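Scroll down for the structure; my scribbles are underneath it.
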Amino acid sequence: MASRIGIANDVTELIGNTPLVYLNSVAEGCVGRVAAKLEMMEPCSSVKDRIGFSMISDAEKKGLIKPGESVLIEPTSGNTGVGLAFTAAAKGYKLIITMPASMSIERRIILLAFGVELVLTDPAKGMKGAIAKAEEILAKTPNGYMLQQFENPANPKIHYETTGPEIWKGTEGKIDGFISGIGTGGTITGAGKYLKEQNPNVKLYGVEPVESAILSGGKPGPHKIQGIGAGFIPNVLETNLIDEVVQVSSDESIDMARLLAREEGLLVGISSGAAAAAAIKLAKRPENAGKLFVAVFPSFGERYLSTVLFDATRKEAESMTFEA
């Protein structure tokens, strides 16, 4: 990762140093301030660009993989696959991705464009199904190596080394609460640990779907917030760091994501809507008056054009005709 001064040596040096911006219109009625960490401004438009690079680089440094020889394998709901795909392309690796068939068509197209071998799995089996298929492929692939985002320490490590320090610097150390949707748990674990080391009073808030509230003691279930709520507690997630888990429904998340586009000019994915909805709930609590909350917006909305997020907009666009 570089400071973006001059010309980068390759695309991986463009990762990180994403901006922070206050939410204004959608945060009316809040007694605290809410800022968003715009991870959709990464080279391939999601926070997973960070871990795609970090997991491959870490394995290289340990001598576990070599370009042109090793075959990388990973189960993903989409964005980690894209983060791995552009790094693998830049470094010269073959990559096999397993992904639930319920993920957006945009993700399939992007992965294929990067030269990925894509294997779709039963959507009813969720991420567990994708993981099982990846393990099956690994067992029969010579020189195969699974990066294991849900277990790989290089996942939270990159957030400890980059995301956390960026937020601390960007807020001039004035952050009071950090909000992150929980998929692998890498972002909240890594960035959260760094922020708490700087100031133990910083509160960490995890966001999960109401429909699959595992962290809150509920059962896994189907939901529409792609990228979070995997249906199990990942090994890299340090739950002891989290001060509170905020539940947000799929409908709340979708409505907020649409509102962010119309009222803030921020075209974001559904999980960003979930993070914003959770942050606004927190910033409306009387005890949080004057406090600053930072929410991670993980991905760009253009990756979700075929999903429920843009159903009405897509139908309107498709029904339009030219004027004489």
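Each residue's number is its place along the chain shown, starting with 1.
Every residue, even glycine, has its Cβ placed from backbone N, Cα and C.
Residues or ranges marked as N6-(pyridoxal phosphate)lysine by Swiss-Prot on the basis of similarity to another entry: Lys48. The pyridoxal 5'-phosphate binding site feature in Swiss-Prot is assigned to Asn79, Gly183, Thr184, Gly185, Gly186, Thr187, Ser271; the stated evidence is similarity to another entry.
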Surrounding CB atoms that lie within 10 Å of the CB of Gly183 (pyridoxal 5'-phosphate binding site), all protein chains: 28
C-alpha spacing of the residue listed as 'N6-(pyridoxal phosphate)lysine' relative to Gly186 (pyridoxal 5'-phosphate binding site), in angstrom: 10
Long-range Cβ environment of Ser271 (pyridoxal 5'-phosphate binding site), under 8 Å and at least 6 residues apart: Gly181, Gly183, Ile225, Gln226, Gly227, Ile228, Ser253, Pro298, Ser299
Pyridoxal 5'-phosphate site span - longest C-alpha distance across Asn79, Gly183, Thr184, Gly185, Gly186, Thr187, Ser271, in Å: 15
Neighbouring C-beta atoms (10 Å sphere around the C-beta of Thr187 (pyridoxal 5'-phosphate binding site)): 29
Least Cβ-crowded entry, counting other Cβ within 10 Å, from the binding-site residues listed as Asn79, Thr184: Thr184
Number of other Cβ atoms within 10 Å of the Cβ of Gly185 (pyridoxal 5'-phosphate binding site) across all protein chains: 28
Cβ neighbour count within 10 Å of Gly186 (pyridoxal 5'-phosphate binding site): 32
Cα distance (Å, whole number) from Gly185 (pyridoxal 5'-phosphate binding site) to the residue listed as 'N6-(pyridoxal phosphate)lysine': 12
